[in-house]
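A.B. asks: Here it is, the structure in full.
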Amino acid sequence: MRKPIIAGNWKMNKTISEGVDFVKQIKHLGDNTDVEVVVCVPFVSLESIKKELKGSNVKLGSQNIHWEENGAYTGEISPLMLKEIGIDYAIIGHSERRQYFAETDETVNKKVKTSLDHGINPIVCVGETLEERENNTAKEKVKVQITKALEGISEKEMSDIVLAYEPIWAIGTGKTASSEDANEMIAFIRDIVKEKYDEEISETVRIQYGGSVKPQNVTEIMNQPDIDGALVGGASLKKDDFTELVRF
Ligand SMILES: O=C(CO)COP(=O)(O)O
């Protein structure tokens, strides 16, 4: 049985005080449930929110990580800094980072390796553009992204990785992939993992869907056999919506 994982990606939203306030209201959501609940918050809020989450079962994640431990990388945040705060997860390769901040499959792979080396679980994002979906090249694109992201990752390390399929055209647009289409791509990703590793790993790796997940569609998405969770932007910012999401 794969443990469901619902992760909020706050993106560039909520100041430190707003974030702490919000977490006060949702920090019980990881109790008495089989669902793993995660909030991925801006770097500047991580430390305060970690303190607020003391004793809570809600996990904490960053939205990025640098592959080097230190050095001349102005504006970047290293795995050592994140490890000292005590985060559980790092989102890696989000399409917004790929689109606006020149993230590549190569940097994604380096960041995945660095995270694993520092005991931070990567949430690795992949997904196609609308054009690629319409051209029927979506699977090809996702296969390249997954294969490159996992280059040099051992079988053992795979148990610490979460994958997230986020079709770019469904992010923040209100358009969701149909739950069947999302499941089909996620099953395809599972096959890629099986080809590269083995059946056991492909059956245990957790794969989330992301893109306009809301209380109205979360149940249908989570009922799909290959979908193990959701990576949620907009709806994770509101207490009532986030509460409904984790109780899908
Ligand atoms: O990018 C996403 C999560 O990482 C999805 O964002 P939305 O839920 O706002 O569409």
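Using N, Cα and C of the backbone, Cβ positions are placed for all residues, glycine too.
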A.B. asks: Which single residue out of GLY30, GLY172 does TrEMBL record at the substrate site shared with ASN9, TRP10, LYS11, SER212, GLY233, GLY234?
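C.D. replies: TrEMBL lists ASN9, TRP10, LYS11, SER212, GLY233, GLY234 binding substrate, and from GLY30, GLY172 it also lists GLY172.
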A.B. asks: Less than 6 Å between Cβ and the nearest atom of ligand 1 is the rule; apply it to the binding-site residues ASN9, LYS11, GLY172, GLY233, GLY234.
C.D. replies: ASN9, GLY172, GLY233, GLY234
A.B. asks: With the cut-off set at 10 Å between Cβ atoms, which of these recorded positions ends up with the most neighbours? Options: LYS11, HIS94.
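C.D. replies: Within the set of recorded positions, the most crowded position is HIS94.
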A.B. asks: With an 8 Å cut-off on Cβ distance to the ASN9, TRP10, LYS11, GLY172, SER212, GLY233, GLY234 Cβ center, who else from the chain surrounds the substrate site?
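C.D. replies: Checked against the 8 Å cutoff, the neighbours are ILE171, VAL232, ALA235, SER236, LEU237.
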A.B. asks: For GLY234 (substrate binding site), just count the other CB atoms lying within 10 A of its CB, please.
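C.D. replies: So the number of other Cβ atoms within 10 Å of GLY234 (substrate binding site) is 18.
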